[in-house]
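Chemist: Not my notes, these are from TrEMBL:
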COILED    565-627  coiled coil
DOMAIN    65-369  domain 'Membrane transport protein MMPL'
DOMAIN    571-806  domain 'Membrane transport protein MMPL'
TRANSMEM  12-33  transmembrane segment
TRANSMEM  180-200  transmembrane segment
TRANSMEM  207-231  transmembrane segment
TRANSMEM  243-262  transmembrane segment
TRANSMEM  283-306  transmembrane segment
TRANSMEM  312-342  transmembrane segment
TRANSMEM  363-386  transmembrane segment
TRANSMEM  734-753  transmembrane segment
TRANSMEM  760-780  transmembrane segment
TRANSMEM  792-817  transmembrane segment
TRANSMEM  838-861  transmembrane segment
TRANSMEM  867-891  transmembrane segment
Amino acid sequence: MKETIAKLHKNRLFTLLVWLIITFIAIITAPNVTDTLQSYSQPTFSQNSQPAQAQQLRKDWGYNLGKTSTINVVYTNPKGKITPQQQTKIDTALNKLKQHQSFYSIKKIVTLNTNVAGKQQLLSKDGSTQIASLDIDAKSNTLRVLTNELVSEVHVSGLKSYVTSPEIVRDVNNEKTAQVTNIVLITLFVVSMLIVGIYFRSLFAPIISFITLFAAFVTSFSGSVALAKHFHFAFTQYAPLEIGIATVVIGTIWNIYIYRKLRSVLSMQREARYATQQTISDLRFPITIVGSALAIIFACCGFINYDQLQSLWVLGITYVVLMLAVLTLNAVFMAALGESIFWPSNAPLTAMKSHFWNQATDFSLWQPIAAFLVVLYLTLPFIYFYHTSLNFSPMTNLTQTNQAVKGAHVLQAHFSEGKATPITIYLKNDQPLDNEKYLQHLDQLTTKLQHTKGVSAAYSLTQPSGMPIEKYYVSNQLESIGLNAKEATGQLSQASNGIETSGSNLNLSGLKQQVKDMQNLVKKSNQIVEDSSSLASQVNSVAANSSVSVQQGASRRVRMYQQKINELNQSLQSVSSGISQLNAEGSVIQNYGQNSANNLQSYSQQISQVQKQLKQVSSQVNSSTDQLNNIYDYLNGLQKSGAANVYYITKAQLADTDFLQTMLNYTSQDKKITTIQVVMKNAPSSKTNVKQVKMLEEQVGLQLRGTPLSSDQIAFTGEPVTQSMNQSKLNHHFITLLAIVIIGILATVFIVSRSILQPLYWTVAFVMSAITGFQLTYLTMHYVTGTNQFDWQVPVIAVSILTAIAAWQIIALGLSFRYTELSLLEWIRPTMASYGKIVRYILLVVIALAIGLTFGASFAMIETALIVIYTVCVYYLILPMIVTSMGKLAVTLPNKKNILKNK
């Protein structure tokens with residue numbers, strides 16, 4: 001038994017069995033790439049971020065809307081305005097949706113019929129496009145499935161209909177990314193097999209290479225997804241693609257190195273097992289050094305506080321697994337097959353000389369400064385004029401064929417460019433917002449946002465249509481009070497005429513009627529006083545938050561207005577008491593007249609006195625009439641002034657149907673949370689988006705300062721906010737990524753080569769080549785396709801690929817520098833001659849695999865491929881000149897200084 005186990009161990013069957021078990025488990029547990037990407041389609045942010053806080057406020061909304069996503073059903077008539085018949089069909093389709101709300105997981109539907117006050121938010125100005133808003137909760141079904149079901153359900157004959165939202169567009173982009181990932185991965189594995197097969201002219205070598213790389217990829221992918229799920233590690237939609245690219249690119253290069261070494265060893269050692277041991281022994285150290293360095297570099301990326309860069313930790317896992325697979329799984333087949341691995345060709349490989357490297361080395365040794373100037377000439381112009389711009393929109397790689405993308409473009413065409421990607425501002429107050437004290441400041445904030453630069457419209461609880469509702473403003477209340485004053489003026493005129501008639505003909509019944517009329521006027525006057533007091537408090541409240549000049553003007557007008565109203569009220573009360581006295585005296589006189597004719601003398605005198613009092617009352621009534629006319633004129637002027645533009649909603653208006661419907665649409669169930677939807681004039685752009693979002697945040701903070709809403713919890717969310725955060729974080733943390741990569745490579749090559757200056761020159765040369773590659777790609781895309789911006793994921797993917805290539809080339813050169821016993825000048829020529837052959841093959845492998853990236857028909861992959869191709873080509877051109885010229889200058893310059901000192 002022991003002998004059998006020892007034999008199995010010698011033949012590496014245990015290794016094969018372990019890898020079979022690991023690969024089998026990985027294949028079973030590994031999720032589908034499409035499903036994995038769909039799980040990570042939406043961006044994630046920290047709990048302290050604005051979108052995360054907004055999501056939490058959404059969970060507290062109530063009405064079972066906490067976990068819903070808002071989508072838009074867009075109807076448009078290409079021929080013009082939507083007709084009444086078409087409107088009926090739309091209503092029928094939406095009513096049908098309401099009947100099947102539970103089936104489609106719809107929690108709320110907002111249409112023109114349920115949001116009458118917000119009609120302008122849902123209907124375009126030309127009347128050709130209409131929106132219905134749906135809140136759906138995708139519990140059992142995914143957003144993608146529900147969208148596909150709704151597309152057919154909302155269709156209306158004669159109209160074009162779309163189901164769209166920023167979340168749906170992101171999901172479509174994610175679906176496209178999944179398709180691209182599958183195509184690119186298949187293409188990379190096929191190209192890798194072709195490269196190995198053509199290089200060795202073999203059938204078995206590419207198959208063994210494929211088995212090794214596939215086992216490494218499946219294991220890395222499955223392990224990374226499992227770690228991401230269980231430990232909540234960052235994982236993005238491009239992580240599977242990055243794992244595949246890293247596995248195939250570096251794995252193919254390592255396999256070629258191993259198979260080349262095996263063939264050379266087999267030419268001297270025919271026994272397969274010993275040849276395999278020697279091959280693995282010779283290449284274990286460089287592969288382990290490079291693999292470990294890359295694993296550590298990308299593991300450090302896991303500490304970057306940005307999920308898109310933090311997700312690069314998966315490459316740390318990938319390089320460890322790849323390193324183990326290449327060194328162990330290859331050895332199993334190499335020991336078993338021996339020379340048969342290269343069947344049907346057994347001819348030794350003939351190394352092609354790199355004439356360019358030989359000539360570049362000779363020239364650089366002859367004229368090192370001139371060679372260095374050539375390097376600067378090739379790279380410095382592109383570095384000096386370096387300019388790239390990134391596009392953070394998910395629609396970058398999408399075509400017009402998708403219905404969600406079409407719907408977004410329809411909204412941009414018929415409303416404004418920012419309509420498809422609105423910003424939602426959440427405000428949470430400690431008390432319910434159905435109070436005039438809070439609504440007034442909310443209305444002022446809405447108006448301020450509407451006048452902010454770059455804003456097309458702002459919709460809120462007080463302005464659901466994006467425009468002020470006149471009946472809720474002080475100017476409307478002033479108009480009502482003015483009409484009351486005008487009515488009182490007319491009644492006073494009638495009273496004056498009646499009093500004059502009573503003066504000439506004393507009529508007790510007439511006096512009694514005058515008493516009643518004056519009492520009614522006093523009541524109306526008191527009502528006007530009460531209304532004016534309430535109005536004054538509103539104007540003063542607004543003036544307190546206005547500028548000094550506005551505050552003083554409003555206060556002065558209010559005081560004048562109240563003074564006149566009080567004077568009028570006093571006059572009317574005096575008139576009323578005078579008429580009452582007159583009525584009493586008339587009754588007494590009438591009794592006297594009835595009892596005795598002896599009192600005629602006294603009666604006559606009293607009649608004269610009563611007539612005088614009637615004249616006095618008539619004069620007071622005329623004076624009151626003039627005062628009311630003046631007040632009416634003053635109210636008209638005040639109504640037209642800026643002091644009247646104050647939001648003031650009465651208790652009766654708070655309870656009317658229109659406002660209650662608006663409350664239902666714009667406030668939470670406990671009425672403590674509300675939203676303001678801001679639509680920008682332009683679609684989100686990396687040039688202006690960050691500034692616009694920051695401007696809105698500052699505007700909200702300044703407007704609410706010193707108001708009852710100043711302590712509210714505020715959160716911003718929406719596509720522009722997401723893109724702004726991605727842009728800010730990428731700009732801030734991308735430098736950290738570059739620092740980790742460069743420092744990691746430098747530290748490794750410093751330790752390996754036991755030198756500092758020369759490895760530093762090689763690394764700087766690669767950085768210069770990468771910058772040149774980026775700029776050449778930008779120019780190529782600009783002039784060939786008219787694309788002026790890279791997809792924002794391109795730099796991250798490109799850096800992950802270039803880091804692996806740079807690490808292998810620079811560390812391999814450092815190992816050669818470490819183990820040489822020659823002087824620096826003696827080491828340069830033979831090293832450049834031999835290393836040039838190797839780099840040439842690496843160049844061809846990388847270019848072939850980079851071309852494989854373009855099969856995904858994605859701008860992001862094409863841009864990444866061009867960056868990699870340009871970078872390795874430029875590095876291939878300048879590396880021999882940098883190594884040679886810097887090496888010679890490092891030797892000759894100190895010698896010249898010593899010679900000068902000795903002289």
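Here the Cβ of each residue, glycine as well, is placed from N, Cα and C on the backbone.
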Chemist: Okay, the transmembrane segment (207-231) and the transmembrane segment (312-342): do they have at least three CB pairs under 8 Å, pairs separated by 6 or more?
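Modeler: Touching, yes - the transmembrane segment (312-342) and the transmembrane segment (207-231) meet the threshold of 3 or more Cβ pairs under 8 Å.
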Chemist: For the transmembrane segment (207-231), which stretch among 12-33, 283-306, 734-753, 792-817 has the most Cβ pairs under 8 A?
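Modeler: Answer is 12-33, with the largest number of Cβ pairs below 8 Å.
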Chemist: Hey, does the transmembrane segment (792-817) touch the transmembrane segment (363-386), meaning at least 3 C-beta pairs closer than 8 angstroms, sequence gap 6 or more?
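Modeler: Counting Cβ pairs under 8 Å, fewer than 3, so no.
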Chemist: Looking only at the coiled coil (565-627), what is the model's average confidence as pLDDT?
Modeler: 52
Chemist: Between the transmembrane segment (760-780) and the stretches 12-33, 283-306, 792-817, 867-891, work out which stretch tops the count of Cβ pairs under 8 Å.
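Modeler: So the stretch in question is 867-891.
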Chemist: Cβ under 8 Å, sequence separation of at least 6 from the ends of the transmembrane segment (283-306): give me the contacting residues as numbers and ranges.
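Modeler: Distal contacts: 46, 233-234, 250, 254, 257-258, 261, 312-317, 319-320, 322-323, 326-327, 729-730, 732-733, 736-737, 740-741, 744-745, 748, 752, 800, 803-804, 807-808, 811-812, 815.
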Chemist: For the transmembrane segment (838-861), I need the partner stretch with the highest count of C-beta pairs below 8 angstroms, choosing only from 12-33, 180-200, 734-753, 867-891.
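Modeler: If we count Cβ pairs closer than 8 Å to the transmembrane segment (838-861), 180-200 scores highest.
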Chemist: Applying the under-8 angstroms CB criterion, which one of 12-33, 180-200, 792-817, 867-891 scores highest with the transmembrane segment (734-753)?
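Modeler: It is 792-817, which has the most Cβ pairs under 8 Å.
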Chemist: Are there residues at least six beyond either end of the transmembrane segment (180-200) with Cβ under 8 Å to its Cβ atoms? List them, or say none.
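Modeler: For the transmembrane segment (180-200), the sequence-distant neighbours (Cβ-Cβ under 8 Å, at least 6 residues beyond its ends) are 33-34, 37, 206-207, 209-210, 213-214, 217, 238, 240-241, 244-245, 248-249, 251-252, 255-256, 259, 263, 342, 345, 349, 397, 841, 844-845, 848-849, 851-853, 855-858, 860-861.
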Chemist: For the transmembrane segment (792-817), what are the same-chain contacts with Cβ under 8 Å, counting residues 6+ beyond its ends?
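Modeler: Sequence-remote neighbours of the transmembrane segment (792-817) are 238, 241-242, 245-246, 249-250, 253, 285-286, 289-290, 293-294, 297-298, 308-309, 312, 315, 319, 390-392, 686, 726-727, 730, 734, 737-738, 741, 745, 748-749, 752-753, 755, 758-759, 762-763, 766, 770, 774, 827, 831, 835, 838-839, 842, 846, 860, 863-864, 867-868, 871-872, 875, 879, 883.
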